[in-house]
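Colleague: The structure under discussion is supplied below as structure tokens; questions concerning it will follow.
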Protein chains: 4
Amino acid sequence: MRFLFLGDMVGRSGRNAVFSALPGLVADYRLDFVVVNGENSAGGFGITEDIFRETLSSGADVVTTGNHVWDQREALEFSTRQERFLRPLNYPKGAPGNGSGLFEAKNGARVLVANIMGRVFMSPDLDDPFACADNLVSACPLGEQADAIILDFHAEATSEKQSMGHFLDGRASVVVGTHTHVPTADDQILVGGTAYQSDAGMCGDYDSSLGMEKEEPLNRFVTKVPRGRFEAAQGPATIAGLAVEISDRTGLAEKVSAVRIGARLKEQRPDFW
Amino acid sequence: MRFLFLGDMVGRSGRNAVFSALPGLVADYRLDFVVVNGENSAGGFGITEDIFRETLSSGADVVTTGNHVWDQREALEFSTRQERFLRPLNYPKGAPGNGSGLFEAKNGARVLVANIMGRVFMSPDLDDPFACADNLVSACPLGEQADAIILDFHAEATSEKQSMGHFLDGRASVVVGTHTHVPTADDQILVGGTAYQSDAGMCGDYDSSLGMEKEEPLNRFVTKVPRGRFEAAQGPATIAGLAVEISDRTGLAEKVSAVRIGARLKEQRPDFW
Amino acid sequence: MRFLFLGDMVGRSGRNAVFSALPGLVADYRLDFVVVNGENSAGGFGITEDIFRETLSSGADVVTTGNHVWDQREALEFSTRQERFLRPLNYPKGAPGNGSGLFEAKNGARVLVANIMGRVFMSPDLDDPFACADNLVSACPLGEQADAIILDFHAEATSEKQSMGHFLDGRASVVVGTHTHVPTADDQILVGGTAYQSDAGMCGDYDSSLGMEKEEPLNRFVTKVPRGRFEAAQGPATIAGLAVEISDRTGLAEKVSAVRIGARLKEQRPDFW
Amino acid sequence: MRFLFLGDMVGRSGRNAVFSALPGLVADYRLDFVVVNGENSAGGFGITEDIFRETLSSGADVVTTGNHVWDQREALEFSTRQERFLRPLNYPKGAPGNGSGLFEAKNGARVLVANIMGRVFMSPDLDDPFACADNLVSACPLGEQADAIILDFHAEATSEKQSMGHFLDGRASVVVGTHTHVPTADDQILVGGTAYQSDAGMCGDYDSSLGMEKEEPLNRFVTKVPRGRFEAAQGPATIAGLAVEISDRTGLAEKVSAVRIGARLKEQRPDFW
Ligand SMILES: [Fe+2]
Ligand SMILES: [Fe+2]
Ligand SMILES: [Fe+2]
Ligand SMILES: [Fe+2]
Ligand SMILES: [Fe+2]
Ligand SMILES: [Fe+2]
Ligand SMILES: [Fe+2]
Ligand SMILES: [Fe+2]
């Protein structure tokens with residue numbers, strides 16, 4: 001199974017880059033399943049239902065999020081209707097929407113996708129991501145109810161991300177991090193067969209501060225006094241993510257490659273498709 | 001000028017990999033100047049004077065550190081004698097040792113090297129890294145007293161790292177991050193001419209948790225109860241860092257490439273030397 | 001029912017003050033039930049089984065703890081045997097020891113005692129304290145299986161502590177905070193009938209830094225470089241805590257008063273007993 | 001000299017309680033100097049120039065602030081004109097307004113007032129509060145250019161607050177904490193003669209979450225999903241602060257007492273005036 005993950009789309013630049021490029025990638029690589037993180041797609045803050053729909057139209061099967069999930073208040077509502085929209089799974093019981101779902105890929109495979117948020121330096125108020133991940137893969141194990149399991153682990157600390165990778169190693173197809181908006185160069189298949197990358201990076205303008213215009217963030221670091229608002233950067237975007245060839249037999253990863261296309265970063269494409 | 005930076009050496013595996021590989025890299029690439037971060041070289045925690053000396057013998061011109069600088073108590077003493085050993089510059093007045101220094105490269109260039117620590121999610125008790133960096137490059141500007149300026153910015157948050165890159169863009173030759181122990185794939189020349197990478201990654205065993213044996217870190221994430229100690233991982237190490245061709249005329253970057261050699265990560269070498 | 005809570009005993013000074021004073025307080029006030037927080041009683045770091053036993057001998061019915069619970073490694077063992085020893089309840093399943101228990105008071109009342117840890121600025125890795133508290137009082141409600149419910153909420157942030165008070169207001173007899181080692185002057189009966197104090201304060205030497213010798217903590221704030229170890233302060237201790245008259249009929253609070261006896265702080269004793 | 005400090009006024013309830021009570025307190029106690037923290041006086045978020053002026057009219061000599069200083073954007077402007085308005089002193093150079101000032105008390109004494117912000121759990125981006133405090137009292141020492149020195153240390157952690165008290169002990173008249181919105185019962189004269197209280201508490205409605213309506217803060221702790229906005233609580237307010245008799249000869253404290261008047265908390269007034 002051919003799987004592609006794209007990291008946080010940031011603002012108009014990031015989402016338009018995805019909307020332009022994704023249909024071609026799906027066709028060229030004959031992708032079976034695509035997940036895109038959309039938590040910053042509406043001007044950097046959250047996501048609207050329209051953007052969510054256009055992301056699906058462009059070729060995504062599922063849209064994940066993170067700490068910005070509720071920035072656009074309409075997400076509190078449409079998350080309850082849209083099954084292909086995921087908020088972090090480790091919200092307490094009663095939170096709107098879903099944190100995971102079982103979906104059918106183009107090749108017929110049953111793909112379990114989950115979005116979990118880390119706690120270190122981030123969200124001490126969410127439930128234990130490790131217990132949450134354990135419940136997830138226990139309830140719907142790889143090779144039994146699921147042919148592939150994808151986790152978007154939205155977290156800050158590399159320690160927590162690596163431990164999650166090891167924790168699910170052999171029990172998930174892919175553990176890919178998001179949230180730092182910078183792609184890491186540690187894409188690899190862990191010893192148990194799980195594809196892993198600490199962070200997919202963002203789809204956005206890399207001449208920026210995390211995809212936002214760099215002036216105001218820098219002003220705050222230097223003067224500590226707010227002068228304006230944070231605005232999404234408008235320059236050309238790089239698409240960043242992870243491509244994984246998942247075994248149809250075991251559900252584990254056979255090949256993995258970071259993906260970086262466009263603008264400022266060194267181009268990287270899977271050489272196995 | 002040919003410059004190489006190597007990220008945090010972790011434990012015996014990481015430092016031996018550097019000690020083995022660095023002499024060859026210096027020779028093969030005819031490197032003019034090498035900086036290595038050594039804050040985790042003594043079993044993961046700090047650095048001894050012996051390890052410091054061997055790092056120089058292997059080809060490093062300067063050793064930088066970070067939050068682990070004082071883990072080995074002898075560093076409080078030898079840091080006051082060893083000018084090629086740097087602790088974070090933004091310690092308050094009166095701290096032992098130096099945070100920056102002006103050194104001569106093999107090609108005769110005067111190279112200003114500084115080690116500064118970030119504060120976001122990290123070290124709220126250190127002085128302002130931005131004011132500190134500003135003082136540094138103002139006192140010894142590129143193209144005047146310095147032919148090249150190298151900053152090892154030891155920090156956690158990508159937002160702070162990117163802002164530091166933009167802050168010094170055009171005023172420093174290289175701003176390279178350390179501390180997360182994961183190399184980022186955003187090595188680039190910023191619009192003003194400064195070579196930048198959010199994190200150089202570590203020199204260590206990548207089948208690990210940040211270079212440490214993965215069992216106990218994972219145990220703590222899962223059970224929250226300590227069971228043992230943190231020990232450096234023993235598996236084969238990947239060397240990770242950044243190679244920069246610095247203009248002899250302007251002191252700015254002409255070419256930049258991440259470096260990853262050995263073991264688990266995708267190999268990357270500069271193609272311009 | 002006459003209930004007394006005493007905050008974190010710190011080091012020899014703090015525990016000896018409790019061991020000296022508590023028998024007299026139990027006798028003079030004819031106390032029915034006493035809870036003492038012991039997380040810092042062994043030189044400031046954790047608690048030994050001997051100290052635990054002596055605390056019971058002095059008149060405590062239950063000893064609670066907090067983030068320092070495992071500082072003395074023997075606690076990992078004796079916590080599994082000693083039912084009157086409580087570690088934070090919101091450790092994940094499988095942690096040694098117990099986080100709550102139902103005990104009989106001198107007047108025959110069934111007293112549910114729990115120790116829960118906050119997460120803000122503290123322990124993002126523990127389970128949700130609010131869900132945990134809700135489960136606790138739902139499983140053993142006041143007026144049904146329990147005649148009194150006491151919560152030692154070991155937390156840093158006043159926002160989290162006050163919200164816990166309001167959350168359990170009317171469902172618990174007492175919600176008393178610990179951890180900051182400074183008594184607050186907001187002891188009161190909340191609108192629903194629960195006795196509340198943001199922090200009981202410590203039993204220890206108040207000419208100190210949180211009960212520890214003040215020199216090294218101050219040195220670290222000023223120089224940021226460790227010079228020595230943290231040692232418990234040796235000066236005369238103040239006992240600090242909360243006295244509550246709990247209704248035998250409703251299990252709610254009828255009278256509440258902070259308690260401060262000895263040394264540097266303004267003396268405060270219940271005027272209703 | 002008779003000095004009164006009042007903690008953070010929160011919203012209409014808190015500021016009206018101060019506006020009603022302060023003129024009487026000034027008259028009854030023949031106060032020589034009054035400082036009031038106003039960082040939450042405008043609906044909980046910042047302060048307007050009108051509220052600032054009315055606070056002075058009510059009897060305050062100086063208004064201090066804290067992390068909420070810029071919540072009302074007009075403060076960026078009026079802080080540059082109003083000398084009796086203080087923002088935290090440890091903002092970097094170039095920040096609007098002043099962090100300290102020398103003022104004349106009713107008895108003719110020269111009173112140095114400063115507002116400094118802590119960093120632990122709070123504001124890692126501000127300058128070192130200890131170095132800042134040291135500069136302050138070195139430049140204008142007690143008994144030389146200043147007859148009294150008052151520090152409002154706006155900080156979260158009791159460890160940092162106590163260390164600041166010890167750091168300035170004997171060099172300042174008063175070190176009083178703010179920010180937690182809960183009064184502490186550790187008002188005392190330190191061994192060197194400085195009056196100290198970890199937190200003055202707030203002037204506001206104590207049937208609340210830090211002076212704000214308790215429903216939404218509790219909702220966020222329980223559900224982690226925002227439902228509404230934070231609004232200042234409307235119930236009757238308690239005034240909370242610290243009264244200090246300062247020696248006209250030494251500038252050190254002779255007598256100290258917490259002050260709590262009105263509504264839910266136990267009343268406390270100085271018994272020495
Ligand atoms: Fe994001
Ligand atoms: Fe995020
Ligand atoms: Fe490191
Ligand atoms: Fe580090
Ligand atoms: Fe404690
Ligand atoms: Fe504690
Ligand atoms: Fe406040
Ligand atoms: Fe504040």
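Placed from the backbone N, Cα and C atoms, the Cβ positions cover glycine too.
All TrEMBL annotations are machine predictions without curation.
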Colleague: The Fe cation 1 site in TrEMBL lists D:GLU39, D:ASN40, D:HIS181. Which one of D:ASP8, D:ASP134, D:ASP147 belongs there according to the record?
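Modeller: Within the candidate list, TrEMBL flags D:ASP8.
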Colleague: Which candidate from D:ASN16, D:ASN67, D:ASN219 does TrEMBL annotate alongside D:GLU39, D:HIS154, D:HIS179 at the Fe cation 2 binding site?
Modeller: D:ASN67
Colleague: Show, in sequence order, which residues other than D:ASP8, D:GLU39, D:ASN40, D:HIS181 on the same chain lie with their Cβ within 8 Å of the centre of the Cβ atoms of the Fe cation 1 site.
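Modeller: Going along the sequence, the neighbours come out as D:GLY7, D:MET9, D:VAL10, D:GLY14, D:ASN37, D:GLY38, D:SER41, D:GLY44, D:GLY66, D:HIS68, D:THR178, D:HIS179, D:MET202, D:GLY204, D:LEU210, D:GLY211.
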Colleague: Would you list the other residues of this chain near Fe cation 2 - those whose C-beta lies within 8 angstroms of the C-beta centroid of D:GLU39, D:ASN67, D:HIS154, D:HIS179 - in sequence order?
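Modeller: Everything else in range on the chain: D:ASP8, D:ASN37, D:THR65, D:GLY66, D:HIS68, D:VAL69, D:PRO88, D:MET117, D:ALA155, D:THR178.
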Colleague: Going along the chain, which residues six or more apart from D:HIS68 (active site, proton donor) have their CB under 8 A from its CB?
Modeller: D:GLU39, D:ASN40, D:PHE45, D:GLY46
Colleague: My understanding is the cutoff is Cβ-Cβ under 8 Å with a sequence separation of 6 or more in the same chain; which residues meet that for D:ASP8 (Fe cation 1 binding site)?
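Modeller: Listed in sequence order, they are D:GLY14, D:ASN37, D:GLY38, D:GLU39, D:ASN40, D:SER41, D:GLY66, D:THR178, D:HIS179, D:HIS181, D:ALA200, D:MET202, D:CYS203, D:GLY204, D:GLY211.
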Colleague: Mind giving me a neighbour count for D:GLU39 (Fe cation 1 binding site)? Other Cβ atoms within 10 Å of its Cβ, every protein chain shown.
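Modeller: Taking all protein chains shown, D:GLU39 (Fe cation 1 binding site) has 30 Cβ neighbours within 10 Å.
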Colleague: Would you mind sorting out which binding-site residues among D:ASN40, D:ASN67, D:HIS179, D:HIS181 put a C-beta under 6 angstroms from ligand 8?
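Modeller: With ligand 8 as the reference and 6 Å as the Cβ limit, the list reads D:ASN67, D:HIS179.
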Colleague: Using DSSP with the three-state reduction, classify D:HIS68 (active site, proton donor) as helix, strand or coil.
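Modeller: DSSP call for D:HIS68 (active site, proton donor): coil, neither helix nor strand.
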Colleague: Against chain C, with Cβ pairs under 8 Å, which of the recorded positions D:ASP8, D:ASN67, D:HIS68, D:HIS154, D:HIS179, D:HIS181 show up? Give them in sequence order, please.
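Modeller: Of D:ASP8, D:ASN67, D:HIS68, D:HIS154, D:HIS179, D:HIS181, the entries that lie near chain C are D:HIS181.
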Colleague: So how many other Cβ atoms are close to D:HIS179 (Fe cation 2 binding site), meaning within 10 Å of its Cβ?
Modeller: 28
